[in-house]
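Reading through the structure tokens given below for one structure.
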Amino acid sequence: MSLGLVGRKVGMTRIFTDDGDSIPVTVLEVGDNRVTQIKTDETDGYTAVQVTFGTRRASRVTKPLAGHLAKAGVEAGEVIKEFRVDAARAAEFQPGANISVDLFEVGQKIDVQGVTIGKGYAGTIKRYNFSSGRASHGNSRSHNVPGSIGMAQDPGRVFPGKRMTGHMGDVTRTVQNLEIAKIDAERKLLLVKGAIPGAKGGQVIVTPAVKARAKKA
């Protein structure tokens, strides 16, 4: 895994190219990610860079976590995240260091992970785009039901994976190969082409794309 940044989704807007083309972009706030720990093979069995992002009141921090952050000399954040890297990459950082938007560049392909917007308990029409039943002509009570969910005594069960009503949204999703359209280093913002899962203010994890294709010469 490559080193990345933890951030927050600000919302969507558009930017215009020199040719006048409109590009829809998602604005991500990726302020300073403060390094809280460097994990090594000798002490932890693997190498990683642990960071925190955002701010949190001291009254909301547990004593073990407060001690962990104090040892690194960093302010408490909303979340702690690890990025597994090789030993050489991990050796470039020390606890207390800041990692910012200069980790990325305009035009770079990235993967963005977020938690989708929760929709609550949803029916099959909303959840899986099922078609509804007939509005009339003999149909009086089953307009939006999914229909049959199985067969008879054989097999006598509902097969796993059957699409039915249930909780929709609020799941972790990763969108791959998004392109960075613009970087605002002063305000620590990334403007990314396209949509990103999650609500405004939701936490996101930005990493270099794992499936990025090299540009042809």
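Just so you know, glycine gets a Cβ as well, placed from its N, Cα and C.
Annotated compositional bias 'Polar residues' per Swiss-Prot: 133-145, in sequence order. For the compositional bias 'Polar residues' (133-145), the list of distant contacts is 123, 125: same-chain residues at least six beyond its ends, Cβ to Cβ under 8 Å.
Among the features that Swiss-Prot reports, N5-methylglutamine is placed at Gln153. DSSP gives Gln153 (N5-methylglutamine) a coil state; it is part of no helix or strand. Under 8 Å, Cβ to Cβ, and six or more positions away along its own chain, Gln153 (N5-methylglutamine) finds no residue.
Annotation source Swiss-Prot lists region 'Disordered' at 133-153.
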In the compositional bias 'Polar residues' (133-145), how many residues does DSSP put in helix, strand and coil? 0 helix, 0 strand, 13 coil
